[in-house]
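Input: a single structure, listed below in structure tokens.
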Amino acid sequence: MAVTTQQLIQWKQQGRAIVALTGWDYAIAQLLDAAGVDLILVGDSLAVILGYETTLPITLDEMIHHAKAVRRAVKRALVVVDLPFLTYQESVSQAMQSAGRVLKETGAQAVKLEGGHPAMVETVARLVQAGIPVMGHVGLTPQSVHQLGLRQQGKSPEAGERILNEAIALEQAGVFSIVLEHIPAHLALQITQKLRIPTIGIGAGSDCDGQVLVTSDIIGLSEKQPPFAKVYTNLREHITQAVQKYAVEVRDRQFP
Ligand code: KIV
Ligand code: NA
């Protein structure tokens, strides 16, 4: 049965951990879906796969192009698409247009946007009122890299309380779930206990309702991984060996 936003909330109540990963094309999304991943995020970390240094340059058109490929592959998982930098921060109507394009053109079920300050909470509330499922994202928010860096967030009690309050405000605005990125485990636990909606952690300890990682990090395709990623297989090595073997065989006229 296809995963819904309501299902994720039920799984939190039942204590069933939610498995999420990023996906960026048909081939990878098909594998993730068939392997039983519950939520596939077309994250703007796609920017790094496309060779950008940060998530900032990726456009809404590029996100939509990839989200359509992911959607064509997925039968069961919930597909969530990041709204890229400056396609939703300007105004409610800009956010509505961007989120509307994603849902109408890709068939994805939800969008994710970063931040929990009052203007963003207002934007989220308006999207949700319009019938658009929204996922929140607080803690380290990579679209603010030039303000925050990529450091762990919420370390001091004041900073922790600010993130907790952002998460509460986003829940009140109607998000169906929220990503907690690179914050202390005790803070993620506190937020997870406080909220009715599921928390999906990345570098936020083991007490979140689910976990998400960037797929290219866990399969060893990224040039570098964040400290909290776990590398489950080294595809760079496997691919290099395969390609080198092929090159040798072609040069030696062993293949075909
Ligand atoms: O873009 C992304 O991959 C993300 C996850 C790390 C949560 O936002
Ligand atoms: Na992202």
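Our numbering is plain: 1 for the first residue shown, then up by one each step along the chain.
Yeah, the Cβs are placed from backbone N, Cα and C, and that goes for glycine too.
In the three-state DSSP classification, E181 (active site, proton acceptor) falls within a strand. Long-range C-beta contacts of E181 (active site, proton acceptor), restricted to its own chain and to partners at least six residues apart, with a cutoff below 8 Å, comprise H137, V138, G139, L140, T141, P142, Q153, G201, I202, G203, A204. Residues or ranges marked as active site, proton acceptor by TrEMBL: E181.
Around the Cβ of D44 (3-methyl-2-oxobutanoate binding site), the same chain contributes T55, I58, M63, D82, P84, F85, P142, Q143, each under 8 angstroms and 6 or more positions distant in sequence. Classification of D44 (3-methyl-2-oxobutanoate binding site) by DSSP places it in coil, neither helical nor stranded. The 3-methyl-2-oxobutanoate binding site annotation in TrEMBL covers D44, S45, D82, K112.
The Mg(2+) binding site annotation in TrEMBL covers D44, D82, E114.
Among the binding-site residues D44, D82, E114, the residues whose Cβ lies under 6 Å from any atom of ligand 2 are, in sequence order, D44, D82. Straight-line distance linking the Cα atoms of E114 (Mg(2+) binding site) and S45 (3-methyl-2-oxobutanoate binding site), rounded to a whole number, equals 13 Å. Taken in sequence order, the binding-site residues D44, S45, E114 that lie near ligand 1, meaning a CB under 6 Å from one of its atoms, are D44, S45. All protein chains considered, the CB of E114 (Mg(2+) binding site) has 24 other CB atoms within 10 Å.
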